[in-house]
Amino acid sequence: MSDLRERALELDAADELASVRAEFVLDDVVYLDGNSLGALPVNVPGAVEDVVRRQWGELRIRSWTESGWWTAPERIGDRIAPLLGAAAGQVVVGDSTSVNVFKALVGAVRLAPEGRDEILVDAATFPTDGYIAESAARMTGCTVRAVDPGAVPGALGPRTAAVLLNQVDYRTGRLHDLPALTAAVRAAGAVSVWDLCHSAGALEVGLDEHGVDLAVGCTYKFLNGGPGSPAYLYVRAEHQDRFDSPLPGWNSHAEPFGMRSAYEPADGAVRGRVGTPDILSMLALDAALDVWSRPDVSVAAVRAKSLALTDFFLECVGSYVPEGRVGVVTPAAHAERGSQVALRCADAGEVMGRLIAAGVVGDFRAPDVLRFGFTPLYLGFAEVERAARVLAGELS
Ligand SMILES: Cc1ncc(COP(=O)(O)O)c(C=O)c1O
Ligand SMILES: Nc1c(O)cccc1C(=O)C[C@H](N)C(=O)O
């Protein structure tokens, strides 16, 4: 047996999260795409069946109160909050990430001091954030400036109203310095908005500790909520009274069943709601979050294993893949690495097609990136070694 295979077995034997894999439905495919769609937790089908057959089928309308449907957005928000380093009462679940980017960014400009008219946006952002920033800017009389996150401190000025950044870049896997960038935005008197899609459930975020103003993220990646599961919005407690949502629906009204024509916003995280929550998806997510209640599962343990997995993958790639065949895009420094590894090669699209056919699932991001996501809750080191070995075979 090769040294790396032997070491993988030792690492698996010492892995304190190894038993968590049994909480997920998996097969012998090496699944390195949990940064796009997380795997199915075993308890979700039964939970969804109960929601459909009993709560909807038998209780029908009574479930809005008796099954807690009406308050599910803020209750599940409070379950996600500790994973983001947020105290209760600041996170609400609902709508897509795109919609929450819109609420957060327009809300951020409205929170900013009068007269500020520029929004800074991560130049490499996932496209939806950039499109929405343009529209939010048109609505609020701002202009958008695209900047590399590292250049944000130098770009901040008296005109900056809001800054929209990703904690982890979806393509490169680079982890940006959320504490330092948030502090710089705050010092400039502007309002920070973070997209946590590729960091929540994979690493510590520390929203409260680092003074983040607003944040959004999806739940179908490292939180394993299922395809299209609802996103979340964080509004820092100190801003909630002044948070002016651009989508004030009846669900965020102080008295929704008063059916009044005049809008009066609810207090707290509820102010981020819009319309009727997507209960089936939301309660699938609720069940998916149960894994975080295990005493052996914590964000710190997940982050430690994530770094060990990505370190080991990079070592295996370095050892198996012919020199110069791929470039490593993801930073080597732990402080700059999310929970994915991106490799660059000219024929990445075809290579990924062959890799998937060979039982190793990652994804391809145009024009030339092979992207591999590492979900520590269900991945083992032997799988990582196998993925690198199969990849090397497809590359030679
Ligand atoms: C960083 C980032 N933001 C936003 C989105 C899109 O969010 P949604 O399709 O849930 O609106 C994604 C992925 O789809 C993403 O990676
Ligand atoms: N949200 C997705 C979808 O609805 C279909 C396919 C993929 C996705 C993704 O999540 C893409 C992902 N945000 C990315 O980082 O590329």
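Glycine is no exception: its Cβ is also placed from the backbone N, Cα and C atoms.
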Out of Trp250, Trp292, which one does TrEMBL list together with Thr97, Ser98, Phe126, Pro127, Thr128, Asp129, Asp195, His198, Tyr220, Thr276 for pyridoxal 5'-phosphate?
Trp250
Are there any residues in the same chain, six or more apart in sequence, whose C-beta is under 8 angstroms from the C-beta of Thr128 (pyridoxal 5'-phosphate binding site), and if so which?
Thr97, Ser98, Val101
Cβ-Cβ under 8 Å from Phe126 (pyridoxal 5'-phosphate binding site), same chain, 6 or more residues apart: which ones?
Asn166, Tyr170, Asp195, Cys197
Among Thr97, Phe126, Thr128, Asp195, Thr276, please name the binding-site residues whose Cβ is nearer than 6 Å to ligand 1.
Thr97, Phe126, Thr128, Asp195
Just to verify a number: CA distance, Lys221 (N6-(pyridoxal phosphate)lysine) to Thr276 (pyridoxal 5'-phosphate binding site), in angstrom, no decimals.
23
